[in-house]
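One structure is given here, and the rest of the page talks about it.
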Amino acid sequence: MAIRLTLFPVTATPPSSLCSFNLLPRSRHLAYFSSSSSSLSGVLRATTKRLSFATRSKSVTTMAASQEFTGNLKHEVEKLFAESLRLTVPDGTSVDTEVAASLPGKPGDYQCNNAMGLWSLIKGKGTQFRGPPAVGQAISKNLPASEMVETCSVAGPGFVNLVLSSKWMAKSIEKMLVEGIDTWAPTLPVKRAVVDFSSPNIAKEMHVGHLRSTIIGDTLARMLEFSKVEVLRRNHVGDWGTQFGMLIEYLFEKFPDTESVTETAIGDLQSFYKQSKTKFDNDTDFKEKAQKAVVRLQGGDPIYRKAWAKICEISRTEFAKVYQRLKVELEEKGESFYNPYIANVIGELDSKGLIEESEGARVIFLEGFNIPLMVVKSDGGFNYASTDLTALWYRLNEEKAEWIVYVTDVGQQQHFNMFFKAARKAGWLPESDKTYPRVDHVGFGLVLGDDGKRFRTRSSDVVRLVDLLDEAKTRSKTALIERGKDKEWTAEELDQTAEAVGYGAVKYADLKNNRLTNYTFNFDQMLSDKGNTAVYLLYAHARICSIIRKSGKDIDELKKTEKLALDHPEERALGLHLLRFAETVEEACSNLLPNVLCHYLYDLSERYTSFYSIHQVIGSKEEASRLLLCEATAVVMRKCFHLLGITPVYKI
């Protein structure tokens, strides 16, 4: 939060009852004060008289008192320290508030770390401060009165530690329970975003290589949607290009009557593609026919367009099986959609003097890259770069997107870096990659097998994604049956739970890792009910729901009539973690890192376990309050599951 700061004189009033000063032993911190300003009020005095402190102080206090909790706890704390900094540092000094959640075991709930940085800015400029601790004292002293704050103290070289009021924390959680978790949604600086993810190739099966793009992209879209951003979920399928001549000609050979071609007739799409490719590579006559077929397809020949549409239709049916299992929604706008716009976009780039001839091709030379970005091939055809630049132009100008996120493997990083730079050179994007409209490439690593190599079947084929997901569900169901759940539940309940746990396990095993790293796909690990797994977390949620059910209390009625108290350390630690939900989602969105949310969810489960292992809920005198705390935990867990694309279970 960037602010312009002005120093105002402070009257010599006694220290606020909210604040205590634990700096250094007296003999050490006295050295930071001049002999003429040994009192706190003297340290805070300054020469500027532009605005009376009394008037300013009144406006600040009024602001703090009427401050509404917006759901993002860190932002609320930042607002308080921003006001304090405006009263503390010299005119003309511009700084960002440096507020961070305190580490476990450290004093305070949040820490303001501005003192040392401010001291380096104002040192030797006539300030009456005598070191960072004095600046920290002033920041603490000038903190506006707020019901959020319990205490404020200064430690070390000016670190200002703020402890939140447990009563205020409890009231904020109560309010969320009544008004809903959406009141804790963060607010991002964009209204509309495109998330380009999954993007399989037509006529090829979706395999394990598509898993990460689909899962990561869906979670990013869900987090942005929760943050009140309109998200255009784009499936940029590979449905255009030279390979379609080969596929269409092979289709004509196998099925002269293309009207009757069905998914069953073609069979395995992957095999169909391989067979056509083999014929293309080994049969000169077929290759020539395929090349002519591309020309006829791109020229609009209705027979070839109909055959192309049939291949696309069969592929979409296969893709839908994966998306249905993963509960992923996408709108297809493939390469063919942008084809009519390419010529005009290339013309615009050419008119700006960006395109040059090179060895018969048309390219854009970019500073910092050894090779140019080819936008028109030597035969006059278009390529990935021309399509991607056109799609970007369309998303910026037609769809009015402010943030465009591409989710592909890290191997494509250079391609994205190059075409992003070309777009900046064209003036479509600002020079800063953090200024909107903004583009980001969300790269991810490989899925590995137990042998440390790319995950494949024993016959070295890629693993079909449908088969992988079905195996996860089957293993999950087997584990439930071994626990006797087939005798306790209906067949529908057993199937739904097996699906939620199996698919959820696959998703979470991917998302909990930093997306840039490779990870090993291992069913036994991901389906374990111990450690940081979806199974463990889903079971933890089910246990909380079971406690609430066993109490026999109407939880909705308790929300209206009872109060929440965070009197014990474990209750307070759990409550604080709940209140940090919005800032965690915002961090995960801003950095495009779903694993941040996974870590939060696992930590939430651990904090709940610490609370429940010590404090009785049902039958205790604090039963109503603790049931509300259980419900708040379950509500936040369910929202985390939703954002990760995982279906919660309520009994296990």
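Backbone N, Cα and C define each Cβ position, glycine as well.
Taken from TrEMBL, the feature domain 'Arginyl tRNA synthetase N-terminal' applies to 75-164. With DSSP states grouped into helix (H, G, I), strand (E, B) and coil, the domain 'Arginyl tRNA synthetase N-terminal' (75-164) comes out at 33 helix, 23 strand, 34 coil.
Taken together, the residues in the domain 'DALR anticodon binding' (537-652) have a mean pLDDT of 97 on the 0 to 100 scale. Annotated domain 'DALR anticodon binding' per TrEMBL: 537-652, in sequence order.
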### Query
Looking only at the domain 'DALR anticodon binding' (537-652), what are its DSSP counts of helix, strand and coil residues?
86 helix, 0 strand, 30 coil
